[in-house]
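According to Swiss-Prot, the features are:
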type	residues	note
SIGNAL	1-21	signal peptide
TOPO_DOM	22-732	topological domain 'Virion surface'
DISULFID	Cys51-Cys528	disulfide bond
DISULFID	Cys68-Cys484	disulfide bond
REGION	108-114	region 'Involved in fusion and/or binding to host membrane'
DISULFID	Cys141-Cys206	disulfide bond
REGION	192-200	region 'Involved in fusion and/or binding to host membrane'
DISULFID	Cys295-Cys342	disulfide bond
REGION	398-452	region 'Disordered'
DISULFID	Cys551-Cys588	disulfide bond
REGION	678-730	region 'Hydrophobic membrane proximal region'
REGION	709-729	region 'Hydrophobic membrane proximal region'
REGION	832-857	region 'Disordered'
Amino acid sequence: MTRRRVLSVVVLLAALACRLGAQTPEQPAPPATTVQPTATRQQTSFPFRVCELSSHGDLFRFSSDIQCPSFGTRENHTEGLLMVFKDNIIPYSFKVRSYTKIVTNILIYNGWYADSVTNRHEEKFSVDSYETDQMDTIYQCYNAVKMTKDGLTRVYVDRDGVNITVNLKPTGGLANGVRRYASQTELYDAPGWLIWTYRTRTTVNCLITDMMAKSNSPFDFFVTTTGQTVEMSPFYDGKNKETFHERADSFHVRTNYKIVDYDNRGTNPQGERRAFLDKGTYTLSWKLENRTAYCPLQHWQTFDSTIATETGKSIHFVTDEGTSSFVTNTTVGIELPDAFKCIEEQVNKTMHEKYEAVQDRYTKGQEAITYFITSGGLLLAWLPLTPRSLATVKNLTELTTPTSSPPSSPSPPAPPAARGSTSAAVLRRRRRDAGNATTPVPPAAPGKSLGTLNNPATVQIQFAYDSLRRQINRMLGDLARAWCLEQKRQNMVLRELTKINPTTVMSSIYGKAVAAKRLGDVISVSQCVPVNQATVTLRKSMRVPGSETMCYSRPLVSFSFINDTKTYEGQLGTDNEIFLTKKMTEVCQATSQYYFQSGNEIHVYNDYHHFKTIELDGIATLQTFISLNTSLIENIDFASLELYSRDEQRASNVFDLEGIFREYNFQAQNIAGLRKDLDNAVSNGRNQFVDGLGELMDSLGSVGQSITNLVSTVGGLFSSLVSGFISFFKNPFGGMLILVLVAGVVILVISLTRRTRQMSQQPVQMLYPGIDELAQQHASGEGPGINPISKTELQAIMLALHEQNQEQKRAAQRAAGPSVASRALQAARDRFPGLRRRRYHDPETAAALLGEAETEF
């Protein structure tokens, strides 16, 4: 690492990140109080951005023990292009649709002052295929459910009415990506008309739920967004060998099945293969895909310049774009497995594009793409390249073959050193060819620009080529070691600097603006949120409004986010980073002067007020240099160190969400229909009388059952009569007729009441209507000579009539005889003498007793 780079990193860490919440929108500042930085119009890797809004990202860690690969006589360095793939841990996501019918039975108590819900019972049922067709095309369903349980068939109808076709309408939901369509969103809880009675109301709701489902490799099960689990592979079609642990008769596949979007009802979409699964309480369907729709590998990075160091037992792929060294356990490449064929097209396309960019300096000859698996579980796609300068010398050497010397001019024997050098070169070439993962490059066709094959310069060219190759490989080894050592030191420095400001360090590593934060011993890296560059303005004043002693230590910035018209305020950080806070303040100092860099400019503030703007070149730059250390180091094959395995990390979590949801769904299916909401019943006890009466009838056996049936029959008959009367009253003709009859009865009652009142007030006039006229004639003397009888005679007549009436009543009672109750009472008196009332028929005894009683008083 150069001193210039270390110094720049230290300068970048001068401002500590203050991670606070986002501010509320502010009013734009007047133009006279702001200055527009030219960095908003420049193309830079560090635009104005906000890095405090990102909450998560990719996890990285710095290696604590990095050692560089060694270079020796047995090593071979090769340049090339490298693509790195990792396991795809992102689950396979696909759309699913759930169909269900929810039957809700509510027991309503009609109280004197208020109505109460004393019980609620809810059951869910799956939907048959003939009804799912209607729900998927015209969004209609039947509002009834027919089910058979324990040999008893029951039919539930919405609103306790008749089975009709109803429409499904969109409803709201809480989960993201979930859309529901329901036929009945309101529960039927109307109480009965009779007070102090219970009434059961039924609600049937057809529900469609569109959501997402996820499944991880090896696809033994998948989970929906709402937590429903299915113990099968989403790629199972009934014929392949995918995982299937559901009931065999619950799954079927339909071809050319059509699903219409709710907004596009009436259209004819393209058919698809769709799987249907009956879970008992709901039905699931999803588009059936092949396993090839999911790629088990994910592209991580592509390195344009990579050095492959072959050590005899392993290959080290060292890149110049980061402190990365990929080690393989073998020196022979493999063919791409069939399970990973999904990346072949991407690899070929990327390698072709990268090679076209460097083909003026490198050639690949007939080299093919080779694949390696690292000890850390990564898949490497490797394309070796050869510099064109070395390829020319190599072709000349291969085209030139030694020939026997003519007798006239025998060639002198080679010295021992030369022979050793030549044999060593051949040995290294053979070892290199045996260690290469790719097929050896065949000799190229002879060119027309070369001389004869017995060229005396052949040995010299061969020696020159071997020496050149040895020197180039040694130089590449020295460069690789020096570069690796520098990266090792930089790794240690950066690891310590991330404890101070991880955002600045990771931004310098990536070469672009990123957000980073430490999570214990690892670093989370995520993208920053760019702002609208055209709206960024700097405040000219750094003084805190309303305070004479406090000033801002960093200038204020006004900005707006992209696609947002609201203006926000923050403070300018290092490398155009904007902090969503105005907490960086200090006590105002006299004659202060600050320099703040923004793009290619530096803003100068004197006495906390913008003074001028100068060019970045106006400030001198410190130059540092680190000498290259070419000392040899031994080769070390690093093993992949994993502090905690994936299974251990899963086991360390208290909440196993997969296990919880799977167990919950298993238990929920077993107890479906048995759940009751008894909170109101327990607190108020309004149905205890009904439960107690039911237990009493059950204890009586057949007698209690007969009584219950009799009461139910009578109650049902009475309820039917009342319901019929209410239905007849609701009819227009019946209601009018009943109103007319009620009006007639009211008029009749009023007439009889008046007649009775007249009878009680003037009984003689009611019995003899002409008595008033006769009295008037008698008073005027015009009528016949009729004189009224005396009052004594009238009373005698009335007394005679009364006695006659009483005598007729006694005669009727004697003729009727004693009643049953009287005879029973008389029999009891005869059996129990103590109950008899004593009668004293003897006058003397009665007189004696009366005398004794008078004496006592």
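Don't overthink the numbers, they just go from 1 along the chain as shown.
Keep in mind that glycine also has a Cβ here, set from the backbone N, Cα and C atoms.
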Intrachain neighbours beyond the region 'Involved in fusion and/or binding to host membrane' (192-200), with Cβ under 8 angstroms and 6 or more residues off its ends: 105-112, 118, 687, 690, 722, 726
Contacting positions for the region 'Hydrophobic membrane proximal region' (709-729) when only residues 6+ beyond its ends and CB under 8 Å are counted: 193-194, 735, 738
Residue pair Cys528 (disulfide bond), Cys551 (disulfide bond) - Cα distance, angstrom, rounded: 28
Neighbourhood of Cys141 (disulfide bond) by C-beta distance under 8 A, where only residues 6 or more apart in the same chain count: Lys101, Val127, Glu131, Gln134, Met135, Thr165, Val166, Leu168, Ser183, Cys206
Pairwise CA distance, Cys68 (disulfide bond) versus Cys51 (disulfide bond), rounded so that it is a whole Å: 34
Rounded Cα-Cα span from Cys342 (disulfide bond) to Cys551 (disulfide bond), Å: 59
C-alpha spacing of Cys51 (disulfide bond) relative to Cys295 (disulfide bond), in angstrom: 32
Close approaches to the region 'Involved in fusion and/or binding to host membrane' (108-114) from elsewhere in its chain (Cβ under 8 angstroms; 6 or more beyond its ends): 189-201, 686-687
Averaged pLDDT score, the topological domain 'Virion surface' (22-732): 75
Candidate with the highest Cβ count within 10 Å, taken from the disulfide-bonded residues Cys51, Cys588: Cys51
For the region 'Involved in fusion and/or binding to host membrane' (192-200), the number of residues DSSP places in helix, strand and coil: 0 helix, 3 strand, 6 coil
Collapsed DSSP category at Cys342 (disulfide bond): helix
Between Cys51 (disulfide bond) and Cys484 (disulfide bond): CA-CA distance (Å): 31
Residues that sit under 8 angstroms from Cys342 (disulfide bond) by C-beta distance, when 6+ apart in the chain: Thr292, Cys295, Pro296, Leu297
Lowest local Cβ density (other Cβ within 10 Å) among disulfide-bonded residues: Cys206, Cys295, Cys528: Cys295
DSSP state at Cys551 (disulfide bond), helix/strand/coil: strand
Cβ-Cβ neighbours of Cys68 (disulfide bond) (radius 10 Å): 22
